[in-house]
Amino acid sequence: MTTARFAPAQIAFHWLTALLVLTIVVLPYGSDFFASLLGGKGNVFTLHKSLGIVVLLLTVLRLAYRGRKVPTRQLGAQQSRSQQLAAAAGHGLLYLLLLVMPISGLLFGSKPFNLFWLVEIGPLPLSSGIRGVAKDVHIVGQYVLFTMILGHTAIALWHHYVRRDDVLKGMLPLAR
């Protein structure tokens with residue numbers, strides 16, 4: 001039986017985003033370790049912020065692609081209406097987080113940073129009140145993002161091992 005596949009661009013967007021987000025998440029928590037590899041904690045956060053900008057741009061491209069292309073996979077016939085709504089809400093929240101997290105990170109920064117050590121950005125001329133709100137959004141957003149990543153992974157595994165459908169295989173880069 002042939003696995004119904006997502007479009008190659010969808011697969012690439014998904015896994016590139018996943019790799020970048022996991023790297024972004026790990027960097028601050030392992031800043032002491034990564035500082036020794038990157039030449040200081042400042043460079044850890046330069047990389048964290050730079051990759052965040054890449055995720056923001058990648059997400060905009062991904063949404064533009066999604067907006068112009070009918071998804072290759074349609075699971076509607078295999079899922080109840082409530083499952084379809086939950087999947088749409090979950091994906092919507094993930095996309096929202098992929099936009100809000102880098103934007104809030106840029107807004108709360110009060111010092112300039114060098115995008116990949118090449119171009120200096122910011123800080124934006126904002127009040128301390130706006131910076132405070134952006135920081136709160138970024139901090140709360142990280143926990144929502146952690147929860148969504150765990151949920152997304154658990155549901156993919158549930159599809160694969162419990163429902164025994166080919167949703168996970170359809171998103172794996174080399175699966176057939």
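Heads up, the Cβ atoms here are built off N, Cα and C, so glycines get one too.
Keep in mind that TrEMBL annotations are predicted by a computer and have not been checked by a curator.
Note that this is a predicted model, so its numbers are computed, not measured.
If you look up TrEMBL, you'll see 6-173 marked as domain 'Cytochrome b561 bacterial/Ni-hydrogenase'.
Among the features that TrEMBL reports, transmembrane segment is placed at 12-31 (among others).
Per TrEMBL, the feature transmembrane segment maps to 43-65 (among others). Within the chain, the transmembrane segment (43-65) has long-range Cβ neighbours (under 8 A, six or more residues past its boundaries) at 9-10, 13, 16-17, 20-21, 23-24, 27-28, 31, 34-35, 95, 98-99, 101-103, 105-106, 109, 113-117, 121.
If you look up TrEMBL, you'll see 85-108 (among others) marked as transmembrane segment.
Positions annotated as transmembrane segment by TrEMBL: 143-162 (among others). Long-range contacts of the transmembrane segment (143-162) within the same chain: residues 21, 25, 90, 93-94, 97, 101, 168-169, 171, each at least 6 residues beyond the stretch ends and with a Cβ under 8 Å from a Cβ of the stretch.
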